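> Taken from TrEMBL, the feature domain 'Major facilitator superfamily (MFS) profile' covers 1-377. Per TrEMBL, the feature transmembrane segment maps to 12-31, 37-56, 68-87, 93-113, 133-153, 159-178, 198-218, 224-245, 266-283, 289-309, 321-340, 352-373.
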Amino acid sequence: MHRDPLRYVPHVLVTSVGYVVFAYAALPSLLTARLDIGLSSFGLLMSAPLLAFVVVQRPASRWVGRYTTTRVLFAGGLAHLALGLSLDLRASFPVVLALRGLWGLTGGLLLTVGATHISRLSEGADATRQQGVYGGLLTLGGMLGFLLAPTLVREYGWLSLHAPGALLSLPAIAVAGANLSDRRTAPTATTTERGGVVLHPVVVLAATCYVAIIGSYITLSTFVTAYFADLGVVARLNVVVLGSATAGRIVGGETSWRLALSDRRLIAGSTAAAGLGFGAMAATGSTAALVVLPFVVMLAVSVPFGAVYNLAAGATDAEGTAIATIVAAGNVAALVLPPVTGTIRETTGSYGGAFLVLGGLNAVAAVATYYTIRRQS
């Protein structure tokens, strides 16, 4: 059993990042009243970090190509801690929006560099397993934010909203700081130009798959409460959805590791299941099916998370640039798909068209991955 503390640095940091990302989402009515804003401004507040996640990928890929991942995680962790705590100090919407965007730069940096760190310390099926756990802990942090934020704010006030999640990063920052120059986390010499990484066929395949799964995940997370309200179901289903995503990402990594299942086969099977699930959601008229299927689909799009990261990381000798590429592509999709879904819902009166779009993206990912499997055999 591995007990090297360096292996757990990204896992702790990404749990902290997940908490800060989703804490606001648990308090829409309280937050809109506190900042005196409407739901459109609240949506802007939620999307600001996603835009920052995209913007930071270029410098992230450059830094992991020059420095040890421990050094970048240490600096990024300190910035994440400071900005996460500062979010609760102001009640002005423009200031909070700016801070949220700045924090998003650190959150996106930690997400990419953490995955690169894992790829440098793990190989093969173990790397896929660790990437799956890593992704699961991101959503676990978000689930904790959903669960704890309302009670914390009600009992202790706004200064307690982000503090638990931000302070969770302290042990990881300390371990990274004590190992700034660890050569295991240093970049290897690369012969591949940046353009060669971004346009590498395997990286393009991984990016296509990541667009499908992360776009589906973010869209489902955004609309699940409204979707179930349309069905007359009222419950804290946002927590259940994130729990399903957490389980899916961890199970996917464990499945690959225990069954020695290749990354491509795991991706092809999972995205095919997701495509069929979305198609069924668009076609069925059964209320019972419409209640159950979102959780099945969320599980399906979550299972290949670690496999997609590992597929990209192993494509070239510039794993940091490859991971940054797929994260940027996925977060562009995460920015675009929720408004598209909202427009479809307002125009047609249902989510059926949006489910067909998401199902189509997953079908493309499944077919493309299966095609490469056939080409390899």
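Just so you know, glycine gets a Cβ as well, placed from its N, Cα and C.
If you look at the structure here, what lies around each of the features I listed?
Counting same-chain residues at least six beyond the ends of the transmembrane segment (37-56), those with a Cβ under 8 angstroms from any Cβ of the stretch are 21, 24-25, 28, 31, 93, 96-97, 100-109, 111-112, 218, 327-328, 331-332, 334-335, 338.
Residues 6, 9-10, 13, 16-17, 20, 60, 96, 99-100, 102-103, 105-107, 109-110, 113-114, 116-117, 120, 161-163, 165-167, 169-170, 172-173, 176-177, 179-183, 185-187 of the same chain lie 6+ residues outside the transmembrane segment (68-87) yet bring a C-beta within less than 8 angstroms of a C-beta in it.
Among residues of the same chain six or more beyond the transmembrane segment (93-113), those with a C-beta under 8 A of the stretch's C-beta atoms are 10, 13-14, 17, 20-21, 24, 35-37, 41, 44-45, 48-57, 59-61, 63-64, 69, 72-73, 76-77, 79-80, 83-84, 86-87, 138, 320, 323-324, 327, 331.
Sequence-distant contacts of the transmembrane segment (133-153) (same chain, six or more residues past either end, CB-CB distance under 8 Å): 10-11, 14-27, 30, 111, 114-115, 118, 160-161, 164-165, 168, 236, 238-239, 242-243, 245-250, 253, 302, 305-306, 309.
Long-range neighbours of the transmembrane segment (266-283) within the same chain, counting only residues 6 or more positions beyond its ends whose Cβ lies under 8 Å from a Cβ of the stretch, are 128, 209, 212-213, 216, 252, 255-256, 289-290, 293-294, 296-297, 300-301, 303-304, 307-308, 311, 351-353, 355-356, 358-360, 362-363, 365-366, 369-370, 373.
Outside the transmembrane segment (321-340), and at least 6 residues removed from its termini, the chain residues within Cβ reach (under 8 Å) are 47, 50-51, 53-54, 57-58, 60-61, 64-65, 108, 111-112, 115-116, 119, 194, 197-198, 200, 203, 206-207, 210-211, 213-215, 217-219, 222-223, 308-309, 312-313, 315, 354, 357-358, 361.
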> Look over the recorded stretches 12-31, 159-178, 289-309, 352-373 and say which has the most C-beta pairs under 8 A to the transmembrane segment (198-218).
352-373
